[in-house]
Amino acid sequence: MSDVAASPNRRRGIVSLTLMAGIMLVGLHIAIGLLTLVWLPYEPNAFTGGRLEGASLAHWVGTDRLGRDLFTQLMIGSRIALTVGLGAVAIGATIGVSIGILAAFASRWLDDALAATLDILIAFPTLLIAMLVVAASDTASLGSAIVALGIALSAIVARLTRILAKRVLVMDYITAARTSGSSWPKIVAIHVLPNIWPTLSVNFALQFGLAVIAEASLSYLGLGAPPPNASWGRMLQEAQGTVYTAPLGAIAPGIALVSLAIGVNLLADGLRARIDAARTLS
Amino acid sequence: MTLISVDRVSFGYTAERRILDDVSFAMESGDTVGLVGESGSGKTTLLRLLLGLARPDSGTITFDGASLDPRNAAFMRQFRRQAQIVFQDPYSSLDPRQKISSIIAEPLRSLRIPGDHRQMVADALSSVGLDADAAGRYPHQFSGGQRQRIAIARAIVAGPRLLLADEAVSALDLTTKIRIVELLASLGTRMSLLFVSHDIGVVAALCRRIVILERSRIVESGDTAEVLARPQHPYTQRLLASVPRLSLKDTRS
Ligand SMILES: Nc1ncnc2c1ncn2[C@@H]1O[C@H](COP(=O)(O)OP(=O)(O)O)[C@@H](O)[C@H]1O
Ligand SMILES: [Mg+2]
């Protein structure tokens, strides 16, 4: 009896540990990103020290080839990564959820066609699609990177939304809503979206992590935001030639990138565990 | 007065297979009718047609003398106030993300029924034997039987003339089943009740008239007592023979 009663509590404890770690890591990046809007240790493009200096009190993770402060660039990198992640997920979610809901309501052949198209799109790597979209726009900018990643993510969101919405639409409470006189748009707004939201939100967190890594990859390949936007991906690329003489230049943005990606994944895991726990309760 | 009249209705989800074949029956206003048939015989499909959720391939359905046409929005708005349904599975019929108050008030809001909705929800809850404080809780906080009461409250809150119950007690344990049947019986004095079941015993206890559906066709209909005493169609005879005598007595007493 007693261990039956204790088990949900124990599980809730683990849940909140994962969630807490995720919130702390992501929260740290958010705090740094917001801080860069009002304060930075150095002017990001000013030559504030010697070239390729090591860590010191003045330059916590040293300087780059041109003597710019790396920590300042790391901090701006947090803001860029979060902006890209949020922007890409917002665009991917808007397009993806709309298409997914449409497919869930579509006639048989349109639904089949949409589902097949989505499967093909998903078979292409996210990064490849993003690169194609960036290549199609004239200039590489922060905006084009966000739009490119958003479009690349939307197929995954659409496929998930379609499946989740279909599962909800066969429920009796949807039929009850129809016989209660609720219109389809209203049914989507008050029944379908709230019921698929928990699972979708976990997926959005995972997509956010993917977008952050993909943005770093785009920047690494020179397809991301151009200077003066400091991106972890570009920092990695710039540090490549000097990785043996000044390893911090590559290690620091690597750690920043990995910590945000892990934080977001922990957050997603924590959210999922919470949702599962709520489900077993009901 | 005839409330529903189903006239030579045929329907199939696909062109290849007819689910309902030349079905006709009528229901008087204020009557309690049991629609009996094995699983898969087309009972739920018939209810979907009666609710205007699908259209017959051929034949007509009239409600209160007017043709039931799902494409006629003005008619449907009026109709939705008057006909409501309770489902079999109490776990799938309530939106888990909504409070009981909004679940029960949905017909009032969507059909723009004037009045104090909160009071109407409270009245509906008391009609089905639930406390008023249920309104603030969520479906997962209730048992199957209580959920079925909530579903019934939603069905009656707008004051319908016709209540359809699709296997509404089939998923419940025996004691709960008897309670819900009693509740439906008391509601049956205030409105017309079309009670769908594969359980002849429950129909015998609840319904004045009975309609027997066998694989997409109506094979027999009439006064419940008469049909049960002198079944004419071989299918009805077989159906009756397969009912354990004890359960028939149990539910009646
Ligand atoms: N949405 C649907 N699409 C295709 N076939 C269906 C659908 N719903 C029910 N059917 C089929 O119609 C037949 C009758 O189903 P139903 O009306 O649910 O029967 P009952 O309620 O008497 O068990 C069954 O064979 C079922 O497989
Ligand atoms: Mg059925």
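Counting starts with 1 at the first residue shown.
Glycine is treated like the rest: Cβ placed from N, Cα and C.
Keep in mind that this is a model prediction, so the values were computed, not measured.
TrEMBL lists A:17-42 (among others) with the feature transmembrane segment.
Taken from TrEMBL, the feature domain 'ABC transmembrane type-1' applies to A:78-268.
Annotation comment: TrEMBL describes A:80-106 (among others) as transmembrane segment.
TrEMBL lists A:113-136 (among others) with the feature transmembrane segment.
Positions annotated as transmembrane segment by TrEMBL: A:142-161 (among others). Sequence-distant contacts of the transmembrane segment (A:142-161) (same chain, six or more residues past either end, CB-CB distance under 8 Å): 80, 83-84, 87-97, 99-101, 103-104, 114-115, 118-119, 121-122, 126-127, 129-134, 196, 199-200, 203-204, 207, 210-211, 214-215, 218-219, 223-225, 229.
Listed by sequence, the residues of this chain that lie at least six past the ends of the transmembrane segment (A:204-223) yet keep a Cβ under 8 A from its Cβ atoms are 80-82, 84-86, 88-89, 92-93, 126-127, 130-131, 134-135, 140, 145, 148-149, 152-153, 156-157, 231-234, 236-237, 257, 260-261, 264-265, 267-268, 271. As annotated by TrEMBL, transmembrane segment applies to A:204-223 (among others).
What TrEMBL lists as transmembrane segment is A:243-268 (among others).
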Near the transmembrane segment (A:17-42) in space but 6 or more residues beyond its ends, with Cβ under 8 Å, are 48, 68-69, 71-72, 75-76, 78-79, 81-83, 256, 259-260, 262-271, 273-274
